[in-house]
Structure formats: structure tokens, C-alpha cells
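So the structure is just underneath, and the comments pick up after that.
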């Protein structure tokens, strides 16, 4: 079996919701779906699922760096049209987006909104046939809302990220686990007893802090929001400002969604051997340029780990300050992506059935589909929950 | 020193925010404040704080059962006009609300909205002088919104419960701790190794489940919301429906906000010696009437614990199925109420300054005051946090 | 029902092992057992259990301060001869020990070895009939070993405290829970977010630290043993010396088994409002005399809580520095004592059967009885565990 | 820089104790040390440390499978004589042991006792010069004790494994972390919400269960010791026998030190997609032969993961049932090995100074060295702890 096929078969074992959905018949028969996605095993299995539901799927990446060619190859062999290649530069990548659009898809499944924006600007002719878009990320939704505000959005869009089954789970449990998986495998360093600084106590930060505690670390949280700071405190963590935290830190993980969380003066105060990792979306939280500039020497210390000698001390950065679980490990755990992609599949099916009733605007993820995914997950786990009686429904109306 | 005074002095040790606020001068000088509150040490200290800020305070209870006469007595000696008495029946209690209104207060601090509703119906003449209301509870806000929707609300109202510094903390950390404090002190029963069923995984349920885990229990969660059910699962808890949970439960704590969480068929399946406690607002979660009806024998098993012999087994209920931390212990920890009452104090000061600019409607708690309380709390703890730089503020606007 | 009887009936609900043992027939028929025990509901139920097993039981306290007269009264009504009274002074108490010995018991169940020592010194005539002793505490065993070393011990003695089912559980889970039960109920103070210093990381300290973490505290451990210090660190706790810990502590719990854990210079550095509690056996860990001496003012701050004004700050001590779970709460949870007393019951039955084969020395608790109690506990919980196969037994012999 | 050198330099960052020890001068000057060790970066750094202390070091592996040739090469370049090679078969490996002995070492640092046994049997002539042995493992000590019991042991031996700084830490914190590191990196599977069965609740099992809980799993423990079973229960885990556990398990980790923990009937009951991992020393806990025999199909599912199709279901085994953290990850975290190797270094220095006073038998690890390592660790962490006063020392003598 090819390596690509093997990778896809592996994730298929732990994606029970996609497996369940793929048995739902042919609701997407005669629907052409254009996908722009990270071309790796988990997303590949989503493409296959849509294909099983009857759709013609035409796919490319959403970032050439994340494309795994063996997976793309396997997908192609399974009946998906694939244009992604790892070696593509930015320009070549954009050409593949155009190639997908050449197919005049009925639906777009987008990740970051490149395909959506191009369809609405350079390739307006494809809008004629386009009936709906399902967008995975917050960043993508933000870009689409600009189109909407300018009156340029021509199809209904479903924002998948605000589904409860997505944002409640992938940040806390996905990022929480995979950040530590990455740090442990890349450093072989003991977490128990370490002083771990988590910058930012949003959903990601909470997950990272919780798992660090679970691994025996002494966790210190930094925040700019005073209320979140008190939450961290009452969750049993120490709260310091970065200026004080950096002096005692063995490991710092940034997850703020903001830039320059670590500043020049902080770098000078760090302990020798400190490990820095970023779990925020963009690689601006750890100031890589500043570090490169300050370093007297830079060297590869271990696969995925770069050492910088600064002022007589050595600082280690994992995955070049990029999202540590993706840049230096396998991204979110499979089951987390299964939840997200179940939401995506239902979103596309929903658009195919309801697009005529929908306006050309960004819709929140439909509550009933959100709960449907939750019930499917419970079913695959064999878990039964309670249901409101009529009396209870009445009671809730009153109180 | 009188017992009432001693109780108030004790809580004063752990209410640093009220202590801080009481040093803010005389911003409430010449303001008359009518209070309807649970008349015990923590609320008494709020009344004293408002008094120190210059206000004339006239207080009664919001429920005669919660009135502690020694505290009321001590308050009276400290310059507060007090009408509450524990022995009052419903009718006498309502008369004390009228007595407070006789003073024609400028501001009302309400808990449950009895005073607000009476002012707007039977005692409309007091509205002339009334400038604003600060309401503590969700229930109270709901009642006031009915007034608002009917066009009858005549003053601006601030809903304190939706402040982040309130609902993020009192449910999770306040209810979480005080529920177990109550169960432990009233039963002397070991929690470690016990099968503890927590019904409902809202903020209260999360706190109760977390603390049970912290005490070594095997925690089982029941839910009607499939998404919360999966959250509970990923937090490491077992999820069952009540029908299965009840068969293995050693202790059941209800915190759903709904009625009849335990049903007749559940009662018959319970293990001998099971302990039932309710941490939800109203005493309808455990079906007390049904239990009384089914019991062949009822007896006081321990102070605050009633035993019921049903079908050859004995079931124990703490605090008659009423809110277990209030009915059978000391309510929320002092520091939690300090946060809530700091919010209340600032709310009243805000109303006194801004009432002329406000409409006669229910306002969300002002964000800036919410954060002010958080910063004050951090200051009393000696904790410094980070602050956004100008570059970071710019960055956040873009992403 | 009398209050004493009610107390005993309550604990009977949560002592499944004693309930199980009491069904074992009449193995102690015609045996006279002299008991010196804390006369409260849990020990009372042990006396009743022995009575049900056929023994004639004659009991007194082991410390008049711990005697509950209503329980003693209830015991008497249930056929036990009881001499304990709360109002007894030291001298009167010792007389009751003699009265028990007047009955010429066959077996002694001792707690602290007062009865054992008196029998071997002042009342040697009772040794003639005495066939064995079961001693609950480490302190008692130490005293008995002195007798043994001096060649004066005339009966076999079983040391119950070194049973794994005792020391593994009562310190960690018993002291861990009941210490926090006591601190919470006596202060109504929030534990989450507090800086809690635990002095000593033995079995008790581990339990106290674990439960504090489970309640959301930031836990700091102090130690004199460098290896335990590193254990605490790797368990995720902060480790400081007392000199530094005392400056940031909100609550200090001592559990070292040593004296003067807090020193004069520490007292001067404490934060205003600090809460001190001792969970070690003797009231020498917190230097009460020193505090009394330093205090400008002493006052009852709350039931069981004494305030001391020292140097402009107030320090609060729970339960006068005595074992906080006994002095200011209900002692160990019932289920923990059920384990200990099951060990005691089996120990007495073992002595009655085997005394002729035993030497006059202190015996470790028999391994097979230790495991028997564990299996009984598992059975009452309905838990099945695995059993070694013959192949596995062989394998273990080789590796 | 060569890959071997780079690996060694990486671990040097996180071995502060060896760094500290290497500054202790030349106490091993003119001492020849023969080493039989897993030839990888962490042990290499131990060899270098001994070299820095003045010793002439001659090394080979203790198992050719664990030899990393690039590390061996780097060691050779740094002045160590190295004979290990990964490609060696059993016979060639044993020849390298003889080659080390050809140097007539003064001291042996052994791991598993191959070198010790050969010296005492086939190569008795080397005993003439041999002054002492330091053995890392329990298995090795067992073999040496056979020599001792047969009167054949000719030098003093120090058993490093029973040092508290070793067994308290490497099993719980080392195995605990590295087992989950290995499972996560090899499966990309979510741990939160999974039913994880840990077979065996010894030091390893405790660490594995604790970390699984910290990652959000629902942990089930199986045991054959009823007392450990109750410990697991009171630590908040579910306890089942394997027969019941296997039906609900998503992941099973064995850590019992025994064989055939999973039996044929268990395999038939497993859920489809179950993941099996062994964290016990030998690969006999998961019955690999039985599984191979039962499998209709066997395939490589992912690097280090083998899939077996049995009875319509697929079972996955990581690392062929061998010690999962070594076979499929990087072994213990670096800091854990730093503790162990600090003990080893001090052990060799101790032998070099005291061998003339020692008998030819196995010695427990010296308490003072054990504490010395602990104090060194605290010092590198900048942590100060308390020290007993004279009064406290006196007190402890009495109670």
C-alpha cells in the first residue's frame, strides 16, 4: 500500500463521524465541490467522505507548505481531482486555486477564504453556478465579511468555526494536547516540576495550561485581561506579568493571538536553556526577527529545534516560532478533526438543500446541525443522555 | 462583642474589595439607599460599606428565612435602619419592604426584585424620587424585564449578575466549593473513591464536578445538552443518563436549573444509603413531595439530613432539597461575595452619577466597572499583569 | 431516639465492613474485651460490633476531652459497660481504666497504650487472664516496645497502625479531606486561588496538598528532606523554605510530626489575616505559647477560631493549634474509620484464636488479614479484580 | 557538527547534575572504568562526565539494538574507547564486552550485569584488578545476588536502582510522561475522553494513570493486589478486572512486571481500533505470539504501529509490545536520566575511595549520596529548603 493511502487508512480508524456520514447515501450526487484545504490525511478523508456522498470533488491546498504529496497522490487514485503540490510557490499555488474554479463548482469548502475571494474578484464568472460556501476558519470569515460589508458577497456562507462543536473542542482539547505532544517529542525534556509560562488564557491557553498541570508542571499564566487573569488564578495557576514570568520560566508557550508577546528585554532575562514554543495562529507571538538579530550564533540543536546564543546564554525555539503542533508535530488529534469535518460535511449538505432560501451573507453555524454532530458523537461512543420532559420544557419557559 | 458584630468583623477580614471601596470618600453622601437582601454577615458588610460611602441605608431581608437576627441587631447599632426579622411571615416580610419604601429611597439594591416590583405597582409614589436600581439576580432581572416590556419600568436598572466578575466566579468557584463543604460537614462521609453523580454541566455543575474530582471522587455527569455532555466527557468525566447513573451513585448533586431531575423510577433504583443534595437555585430538582409520598418512614438522621425509608432502603437528603450550601452551610465563600458586592457598590455609585443620562431600561453591567473590580482584586493580591502596547492594539484591529 | 443512638445509627450507614464482620457469628463468645478508645460514634460502633460477635465489652475513653456523653449513654443502653465521662479529669479518667481492668479482660483494644501500661505495671494481677492486645496507634506501639525491650511485656501485641489498609488510607485520604472540611467550615473562606503552604510532605502532607490543589489553591510545600522536596516539586507543587513561604501564605497547614515549624521570625512576616491550622498529631507544630506571648490582643474570632493581634496584623488559628480535623470538625471520614476498625476486629479475632502460638512481643499486622480487609472492602463496593494465574505466579518467581 | 555530537550537546543542556559533577576535579584520575550501557546520547554524556573526572573510560553497549552509531562515533572522537555497534549480533556484542574487560578496568558500570557475570565466570583474571561495580538495574542486581549467594562475588557492588532519587522518580515521572509521549506521537489520537485501561498500579502504573488523567482520559485500573486496587479507587480511578475493562477500553497500557496480562478471551472482546501499548520492562505483558497467531492479517499501520485483523476487528499494537517509551520514542526524559547518572557518578567515586573498607557483597545505595544528589538538584533549581534545628532533632528522638 502506498504511504499516502496508509496515512489515510490510519486516520479512518479514528474518524467515526465521517464514517457514519459516508453511509448517508448520495445527497451530494451531481454536486461539484471545490476544496481548498491543508492537503494531509485528515482533510483527505473529508474529501473522500464527500466523494462517497456522491459529490464530484476537486481539491487543492490552502498553503503549499502543508501539502503532503503522497496523500495528494493517494487521493487522486481514489477519484478526487487534485492540484496541490508541496513544491509550489505562492504563484503556482494560486494557479491551482484557479484550476479548481475552472470546474465551476456548485459549492466551495474553504480554509482561509483564498478561493472565495478569488471567485468574487478575479473569477466572477464562476459565481453564476456557485450556490454556497462553507468556511472553516475565523480568519476566512473575517475576509468574507469584508466582501459582505462591501455588498460584494454573492452566495450564502456558513461560518463553521463558531459551531460549539468546533471552538469548544479544537482549541482546548486539540491545541492543549498537541502542543505538549510536540514539545515533548521535540525536546525529550521532563515537564513535571518545570516552570511553564503560558501567555494568554483564552480557549487555547486554558487547554495548554490544563495539560501542563496534568503533566506535573508548575504553570504560570500571563494575561492582559484582568478578568481572565483572575480566572487563571482561581483555576490554581500562578499569574505574573511577562517581565517577572520570564525570569523563572523553563518553557514559554505563547497563545495570545497577538504579536510580540516576548520582547527584547525579556529575551535578555531568560534562563539559559529556555524552550520557546508558539501555539498561536501566526508566527508573530515570538519575535523571531528580533531573536535572529540579537543572536551571536544560530544552530540546529535538534530536528525542529533551533538554538540561539544570546549574551552568553542559549535559547531554544521549536518549529521556528510557527504553530508548534503543526510545524513540528501532526496537528490536532484525529478525533478533533473528525468533529470539525462532520460539521463541514453537514454544512455542505445543508447548503445543497437550502441555498435557495438563504440570503447572500455569512450565517452562523446552524444550531440543529451542531447538536446533530454532538448526538452522532455520543452515538458512536455508545453514550445515552437525558431528554427534557414536557413538564421540564414548560418549567424552563417560566424560570 | 455581640455575636452579630463578631460575625461581621470576621467577614471584613476577607472582603478586601469592600475595604478598598469604603476608602473612596463620600460619593454617596445624601443618597438614600433601600436594600432588600439576605440579612447575614456578608451582606451586612455591604450595607456598612455603603454607609461609609456616605449613604443613608435602610435595609430589610429578601427572604425572612435567611435573616440572622443578631446580624440585623449589630447593623442597627452601626447606624443602618433595619426592618428584617427571622420570625416574620410572608406578610410581615412584605410590610418591611413597604417600610423601606416609606423612606423614599434614591436608589434600590434589590435581590429578587420584590422591592422593585412593589415600588412599580403598589407604591408608585416612591418612583418620583427613585433614580436607579441595581439588581443582584437573574430571577430579579427577569421580573424587571417584564415590567420593561409592559412599558412600566420608570428607572434605569443595572443587571449585576451578568458581570463577568460575578457569573464566571460565583457559580464555578463559589458553588463548587460550598456544595462540598456542606456535604462533607453534614455527613462526615469520605468523598474519595465515591461515585458522585452531578446532574447538569452548566457553570455550577462544572464547578461541582471539578471539586468532586479534586476530592478524589469518580464523577459521573448527566446532561440534556449533547454538546455539554461531550465537554464533560473530554474533561475526563463519565457521562451517563440518569437512569443508569442512579444505579451506581453514592451521592447525587443536582444543578440543572430545572425540575424533577430525579424521577420516581430513579428513586426505586437507588443504592441503600445514597446521599442527595441540590445545588440548583430552587428546591424543585429533587422531587421532595414525591419522596415524602413514597417514604414508609421519615426521620432526622443528622442535623440537616433527613432519612427516608423507601422499599427497604434508606435515602438521605441534605437540607430538605433546598440549595445545599445555603440551607445547610454558610453559603458562598466570603471572597466570592466580596467580588459580587464590589460590583454592587460600583453599580450604585455609577447610577448616582449617571442616572440622568440613562434610559428607563435594564442595562448590562458596564464593562469598565467589571474590569475595574478585576483590577482592584489583582491589586489587593499584589499581582501585576501585562498591558497591550500600541503596536499590539493596532495588530488586534487587523486580525 | 436519643442523640447518642442517632449518631451511632448514622455512622452505621457508612461502615459496611463492620456490618459485614458483625455477621460472622459468635467467634468472640465468652471473651471479655477491655477497650480504651475515643468515645464517639465511630468507635462506639466498633464496640457494638465486637458485642455482636459475642464478646463482653467493657469500655472507657482514652482521653476524656474526646468523650461524647450521649454516645456513652447510648452504648450503655446497648449492653456495653461504659465508664467514660467527658467531665472527668486526668485522675478520674485513670480510675476508669482501672475499673475496666477490674473486669480482668481477655483482650485489650488500646489507643495510646495507657491501659496496656497500667496492666503491666500497677495491675499486674490482670496479666494472668490477659491473652492479647491490639494497639491502634504508633505512639502506643512505641510505648509497648519499651516494655518489650525491658523484658516486661507479658502478652502478644498486634500493631494495627502498620497495616497497609490503615496507614495508606487514613493519612492521605482521611487527613487530606477532613483538614479541608475543617478549614472551610470554620472560616467560610475561599480556597481557590489562595496561596496554601503545607509544611511537611509525608503521607498526611501529600493528602493535604493534593486536596488543596483539587480545591484550586496554589500550593507551596516546605520540607526538611531534600528527596521529598523534589517529589513535591515533580507533583507540580512549588517548594520553598518556610522563611520565604510565610511571606506569601494565605493559609498554612502544618503536618510534619515535629515541633516549632513556625518560628518567631515567621510570625512577624505573616500577611494580615493569615489562617493557621495544624494537621499533625500533637499541638506543638504551631508555637501556641510563643503566639500567645507575642499577641497584644487575643479574641474569639469565630467558633473554633482565635484571633491574635501581633504587630498591627491579625493572625487566626483554628482549633488552638490542635489537630484541626478533630479539634474543630468530626475527625476522619466514617469510611476511613471503617477500614481501621475492620482491621481491629480481625486483629482481636486473630488473637483469640492464635494467642497460644504467639510470643509476648509486638507483631506486625498480619498480611493475610490486611488483604482480607481489602477484599471485603472491594466486595462491599461490588468490585472484582484480577487474580494471578499459575503461570504468572511462576513467572514472578523468576523475574 | 556530526549528528552524534549534536545529540550529546542537546542532552547536555538538560543534565545540570552531570554538569555540576564534572566540575569536581579529577577524583577518578588513573581509574579505568569499563561501561556496558545503552549507547545513546544520555549515557554518552555520562561517559564524558566520567572522562572529565579523570577516568579512562572504555565502553560498549548492553544491548546492540539500542546502540546509536553516530553517538558511539562522537564518543570515540571525544576520547572514549568505544566498541559498540548497532549491527552486532548477540555473539559480536558479547565479544565487545570481552574487549572492554581486556583493559582490566578498576571499576565497572553495568546495566543488566552481563559484564559483571562474564568477569566473574569466563574472565576471572580481571577480578584481580577490579575494585568495585555499580549496577543500574534491578534485573542486574538480581543476577549479581545469585553470584553473591553462591559465594562467587569478588568485589563490592552498589545497587543504584534502590536509591530513592532513582526509583521514586524514573518510574512515576519518567515512565508516566514518556509512555504518553510515545502513544500520542505514534497515533495522533486524542486522549481526552478516552477510556484508558492501565494494568498494574505500581510506581509505573501510578505515573501512567496520573498522566492519563492529566490528559483528560477516563482511567480504569486493573490490579491483582486488593490494597493497590483500593488505592487506585481512592485516587479517583475506576477499578475493574481485565475481563470487564477490556470491553470498554480505547487504549490499554500494561505495566505489571508480569506476563500475559491480556489473554486470548480478552482479545476477542476488544473494541475495533483499540490501541495496545506496553510500559513494563519485558515484552511479555501483551501476548504478541498469541496475537500473531490469531490474526488473519497483519500490517504496518503507521511507523511503530502494527495492525492485526482478528475476527472482523482491527487491533493496533505500538512498538511490537516492547517497552513503548524506548521502542517507539526517546526513552525517559533527559532530566530523569540526569538524576540516575548523578547517582551513578557518585557511586563510582564512592567505590574508588572506599573499596578497601567494603565487603564483597551488594550494598544498598548510600543514603548520604542519595541525599547529596537531591541537594544538588535543589541547588541547580535555586530552591532552598528547611533544616532541622537542634531542638527539633531532639524532639524527633523522643516521639
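Each residue, glycine too, has its Cβ placed from N, Cα and C.
Not measured: the values here are computed from a predicted model.
Under the three-state DSSP scheme, residue A:137 (NAD(+) binding site) falls in the coil class. Taking a C-beta cut-off of under 8 angstroms and a sequence separation of 6 or more, residue A:137 (NAD(+) binding site) has the following same-chain neighbours: A:111, A:112, A:113, A:161. Per TrEMBL, the feature NAD(+) binding site maps to A:137-139, A:202-207, A:223, A:279-281, A:325, A:332.
Residues or ranges marked as domain 'S-adenosyl-L-homocysteine hydrolase NAD binding' in TrEMBL: A:171-331.
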Look at the binding-site residues A:281, A:332 and tell me which residue has the greatest number of other C-beta atoms within 10 angstroms of its C-beta. A:332
So if I draw a 10 Å sphere around the Cβ of residue A:207 (NAD(+) binding site), how many other Cβ atoms end up inside it? 27
Applying a 10 Å Cβ distance cut-off over all chains shown, what neighbour count does residue A:205 (NAD(+) binding site) have? 29
Measuring CB to CB from residue A:203 (NAD(+) binding site), give everything in the same chain under 8 Å that is also at least six residues away in sequence. A:167, A:168, A:171, A:172, A:175
I'd like the number of other C-beta atoms within 10 A of the C-beta of residue A:139 (NAD(+) binding site), please. 16
How would DSSP class residue A:281 (NAD(+) binding site) in three states? coil
DSSP-derived structure type at residue A:207 (NAD(+) binding site), helix or strand or else coil: helix
